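Below: one structure, written as structure tokens.
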Amino acid sequence: MGRGAGREYSPAATTAENGGGKKKQKEKELDELKKEVAMDDHKLSLDELGRKYQVDLSKGLTNQRAQDILARDGPNALTPPPTTPEWVKFCRQLFGGFSILLWIGAILCFLAYGIQAAMEDEPSNDNLYLGVVLAAVVIVTGCFSYYQEAKSSKIMDSFKNMVPQQALVVREGEKMQINAEEVVVGDLVEVKGGDRVPADLRIISSHGCKVDNSSLTGESEPQTRSPEFTHENPLETRNICFFSTNCVEGTARGIVIATGDRTVMGRIATLASGLEVGRTPIAMEIEHFIQLITGVAVFLGVSFFVLSLILGYSWLEAVIFLIGIIVANVPEGLLATVTVCLTLTAKRMARKNCLVKNLEAVETLGSTSTICSDKTGTLTQNRMTVAHMWFDNQIHEADTTEDQSGATFDKRSPTWTALSRIAGLCNRAVFKAGQENISVSKRDTAGDASESALLKCIELSCGSVRKMRDRNPKVAEIPFNSTNKYQLSIHEREDNPQSHVLVMKGAPERILDRCSSILVQGKEIPLDKEMQDAFQNAYLELGGLGERVLGFCQLNLPSGKFPRGFKFDTDELNFPTEKLCFVGLMSMIDPPRAAVPDAVGKCRSAGIKVIMVTGDHPITAKAIAKGVGIISEGNETVEDIAARLNIPVSQVNPREAKACVVHGSDLKDMTSEQLDEILKNHTEIVFARTSPQQKLIIVEGCQRQGAIVAVTGDGVNDSPALKKADIGIAMGIAGSDVSKQAADMILLDDNFASIVTGVEEGRLIFDNLKKSIAYTLTSNIPEITPFLLFIILGIPLPLGTITILCIDLGTDMVPAISLAYESAESDIMKRAPRNPKTDNLVNHRLIGMAYGQIGMIQALAGFFTYFVILAENGFKPVDLLGIRINWENRYINDLEDSYGQQWVSERRHRAGRVAASSPVLQELSNICPQFPITSANILHITNVNSFLCAFLLSLVCLYLPGSFWLPRTWRSSLSSNFWGPISGFPGFIIIALETNAVFPTPHPTPSCYAPFLHGSLNNKILEFPLWPRGLRTRLVFVEDAGSIPGLAQWVKDLV
């Protein structure tokens, strides 16, 4: 009853329903993964944490309890997604895209051969040869493509490499080393410098612990980890350590709060692996191209199939003709041409620091309309640099030049001497050994990024910091911590051997609170309200530039109370840390790369929107965005407008602001419609303080706007966005292995400017592929029309199947590939990105030009040459009509020509094999109009070589002894007279197309001129009802009338 209620039970329907249900379930799971990490473990007190996980915070879990949890939750490992077998990937290369068209052609050839074999005693092998060659072309090209793109989806392999092998846990009060997969929720885990964190941990105790989160966030600076709850966001609080991050120094103890797929890293891995990636633009273009070519081929094939039946051919013969016409429309050499062109461009991009992993990504980058770029290391140099200093109540710009030629302040100031001494002594960064001959700014350092910036600044300005430290040896130190927010050290004074100096740096407001005086012009004065206001103004101004500001102070300890040899206690402080003397401020910034502003400007002129997506503070992000041109000069954000008008931000209409800075906390509460509104109404956008999931949401929002999106990333957290984007771009230097595997392209120099170079190359290959395809398709009509006239008029077949193959796979391919070397047009980066829906690789206009214009001229050239040579040998055109059957019959040896001469089979076949080189020459001339009329590219050495190679190949086929096996060519028949009539048409194609481009006319009226014709015939209008619109030119043949006996009379008769 249940089965019959409502509808009849159907296994198929149930399967479809289950499939739909699984898809919806998967989408739901991915939507959950895209949401922010929701946990409250970082907010719990230690007692609450112990109760939640039923664990003794000193003894850990019992062994039995650990075994029960392991049985419940499973091992601490990432679940690998279903993988695609290599043979399936190989088959996709063999049977995907353009390959399927060639396979269809090959199958039709074998079918035609089978029909002929059944009908005839001695069938022609042409179709068999053609089928074999087509299959070989697909197999060879497929193997090549598979080799080039053998990247597969190795994302999870990279995640596996990040899983630690062993972990140190405390169970039942005893420390034990166990396999990391056996770690369970609630385990008490210890990590030390050099260890990889085995799971997500809530820190309960630490000693100077710092972790490297670069594999997760991409930020290179080590992060302090301590038991204190410091931020609502679990990704930013200090009391959480994440699975797979590295502990670089110190020790820590923590309770495991998540394992395997439930960790933050596991969520990202699952999200990256579960995302469905759309087809690339070039794949869609190839599909569109196949549809067009198939449509043309089927239309012509069916049309002439019907015509053949009307003309009285049997249906089997008509089917042979149908198959022949369809196969003739298949451009056999185009698959190899496209693959080689993409490969050449990929190699060229690699030389420009863009390593392309997926050949189709070469063109995708050129189609890009939106770039979502990281800030750190991509737009910036990924090295903190001192930018400004405030001392003596003035802001000074730092001089970072090697020769210190850009100094903007007096270095003899006693205040600067004190400030530089504090910055050099209260600093743990050091230069790595063996770099004495390297410029200071390029030296590698060991230490925190901010301290490294201070080290380089002081080294440049004051000389060797190492010697300064030797002269002022350190006797005590308190490292920076999140509670105090300062770093302190005590040193023996160089200028007073019996006393010490205390130096301190840290958060400016914390440092100022500890000071009672300020150093101005080398003299200590009280820190009154006026100086506090001056400090506040300077602090706000430097902070408003997006710079990280540090405050510096000192105290000369009295030698009587703190003599040489005094034991300073940094745990139970026995020295003053209040009433210090404030000296100044120093601010640092990760400066933009020099080439980035120009690259962003190129993007803007090319119609590409550049969006900054960063985890940095909005003020810093906005300052860098303005510095590199992402936010243009004069364009205001809502906050800028509110500040200018002195009104609340809520009263400003968001649409009045061209620029927009979106905070991650605001983005978290936005609906998709609100995000779409921002992306649609603002041309200059910065997203700051974003989380890993938000970057993916931003990419999806851009794609909803119809944009082709490129995304840069370097951390594991970027892998979902890299995979979802139309083209993912990973950093070669700073990027994690996971991000590199998820990306389609790798920037070897981590430089945003290289992306713009890649965009230009991508646009260039699209233009050049268009030219290659246009060039290749023009041979279809001159290859098809002889076959059509063979069917309709019964003339001898001028071009055989193998001859066509030689043209398509031999003489055509080399010039077509040479077009990949053509340089860019001058306006290539001044046009808007192409619209994938309207600007196609192959469109109806290109098909019309290839088939209706150039193809017709080439066909005319072939037939003109064919009829001229046969007329020279005695067969007038009118006498060729209906002669096919007798001509092809090898047993008829008394066939009469127009003058009554009898021809044996062998002799007449020699006379008829003359049309093979005509399409070759026309094709070579056809390559010329692919260049602008003033272009020098046509003289490019590669193009010249390609012309010569193709031409010589045609001569080999026609003249080389032993080449007589090539069907429908015969070297003996091609005397010097052959080259006269054929030589005019290449020039005609060039002149016709260039004339059409420069002087378009509404009425096509081509005319002809030949010196050997009677004067009354010269300049006679050639009446062609279907002549291509806009061609007005003269067809000129330079030929001595006496060189071809009887030709003038023949042409008179023909006209």
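Using N, Cα and C of the backbone, Cβ positions are placed for all residues, glycine too.
Here TrEMBL flags 212-227 as compositional bias 'Polar residues'.
Marked as domain 'Cation-transporting P-type ATPase N-terminal' by TrEMBL: 40-114.
The feature region 'Disordered' is assigned by TrEMBL to 1-31 (among others).
What TrEMBL records for 212-231 (among others) is region 'Disordered'.
Here TrEMBL flags 94-116 (among others) as transmembrane segment. Away from its own ends, the transmembrane segment (94-116) comes close to residues 123-125, 127-128, 130-132, 134-135, 137-139, 141-142, 283, 286-287, 289-290, 293-294, 316, 319-320, 323-324, 326-327, 330, 332, 334-335, 338 of its chain (Cβ-Cβ under 8 Å, at least six residues beyond either end).
According to TrEMBL, the transmembrane segment annotation covers 128-147 (among others).
What TrEMBL records for 289-313 (among others) is transmembrane segment.
Away from its own ends, the transmembrane segment (319-342) comes close to residues 98-99, 101-102, 104-105, 108-109, 111-112, 115-116, 127, 130, 133-134, 137-138, 140-141, 144-145, 148, 286, 293, 296-298, 300-302, 304-305, 308, 313, 359-360, 362-363, 765, 768-769, 772-773, 776-777, 779-780, 783-784, 787-788, 791, 804-805, 808-809, 812-813, 816-817, 819-820 of its chain (Cβ-Cβ under 8 Å, at least six residues beyond either end). The annotation transmembrane segment is assigned in TrEMBL to 319-342 (among others).
Per TrEMBL, transmembrane segment is recorded for 787-810 (among others).
The transmembrane segment feature in TrEMBL is assigned to 850-871 (among others).
Annotation comment: TrEMBL describes 947-966 (among others) as transmembrane segment.
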Which bits of the chain, at least 6 residues beyond where the transmembrane segment (289-313) starts or stops, bring a Cβ under 8 A of a Cβ in it?
97-98, 100-101, 319, 321-323, 325-326, 329-331, 773, 784, 788, 791-792, 840-844, 847, 851
Averaging the per-residue pLDDT over the domain 'Cation-transporting P-type ATPase N-terminal' (40-114), what integer do you get?
85
